Each structure stands twice: as structure tokens, then as C-alpha cells.
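See structure below.
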Amino acid sequence: HLPSMRTPTEMIVGLVLCPCGLLLTLTGTLAPSWRQVSLVPDQPMDVVWEQGIWDICRERQSTHDRLCGQADELGYFEQVPVRVAQGLMPSSLVVTLVGLVVAALGVRCWQPEPRHLVAGVAGLVLLLSGLMSLVPSSWYTQELWALPAPPGSTLTVGYSLVLSYLGSCLEILGGLALALSFHHCCKER
């Protein structure tokens, strides 16, 4: 029985989707635009406040003057969905990195045969990391309009929240693909 020199498709899919998910989740975690607050009373019409999980930025759209590190006068950062996102998003990034290291050990890179059991475990770790970032993104979206904002202002979803969602979904799909490696492990026994 000669070893197959092909890397299984599910491993390739997992190793493509998960790093893409990591980049999107990292951008979503660091960028300050989970929510945009516009048409704020007593402010110029072109002022937009961008609220993230770490920072609040004020931008004048006509001149593109942007100033971050704005004071949190309404208690935005004390809200539970924001606090949960501050804890789970970085934790998810660390778990994703661990999962990718384990996946690299399981997928054929420097050995003739892939280690299906190790790749399957990596898939479960990456699936968990995707769920860890999906939970705060979903909860924040659910509470988006309930979080404190100046009365009469307009609220919209920011790009960071969308990137966090996409990254979470890619990690979940990549983790599921790698978890299919358990099938080969069972077939060998």
C-alpha cells in the first residue's frame, strides 16, 4: 500500500478558511466600528461617532477629520454585551492560533501521511474559536439599539461587526472541514 501524496480536501479547505477567518476576526476586534451613531442632536450633521469594543472615534465626514479616544459619557463600555465582547474576542483569537498550530501538526507538511486524529482535534478547537467570536457578535447585534446613545440619533451596524461575523463563520466552516478528518481516522481502524 503506497501512501497517497494528496492532502485530503477537507484539510486544505480548513487551512484556507481558518486563517482568513482569523484575519477578519482580528480586524473586527481591533477596529473601532461595531456601531455608528449619526445625526447626533447638538452636533454638526456630518459628525459620525464610531463605537467599537475598545475605543470611540468621532469623524467629520466632510473633512475626514477623525479623533479617537473620545470620552464614554453614556456608559457604553460598561454594558454587558461590550464587556463580553472585550473578553471573548481576544480569547477567540488565541484559541484560533492554537488551533492553527495543532492543524499544522496534523496536516501533511513534512511527513508522508497526515495525522487525521490531530487534524480532527484541531478542527474542534477551531470550531470552538469560531463560536467564541460568534457569541459576542450576535449578542452585540441583538442589543445594538438598546446600548446607550444620544436620544434622537441614528444607529447603524459598523463594518467591524460585519467582519467579526464573517470571520466567525469562516472559522466555524474551516473547523468543521478539519473535523471531517475524524472520518479517515475511523476508517483506518
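Every residue number used here counts from 1 along the chain in the order it is shown.
Including glycine, each Cβ sits where the backbone N, Cα and C put it.
Taken from TrEMBL as is:
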TRANSMEM  12-34  transmembrane segment
TRANSMEM  84-105  transmembrane segment
TRANSMEM  117-139  transmembrane segment
TRANSMEM  159-182  transmembrane segment
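Long-range contacts of the transmembrane segment (117-139) within its own chain (CB-CB distance under 8 A, at least 6 residues past either end) are made by residues 11, 14, 18, 21, 25, 28-29, 53, 81, 84-85, 88-89, 91-93, 95-96, 98-100, 102-103, 105-107, 161, 164-165, 167-182, 185. Panel annotation: around the transmembrane segment (159-182), residues 8, 10-11, 13-18, 20-29, 31-35, 52, 89, 92, 96, 99, 103, 106, 114, 116-117, 119-120, 122-131, 133-134, 136-138, 140-141 of the same chain, lying at least six beyond its termini, place a Cβ under 8 Å from a Cβ of the stretch.
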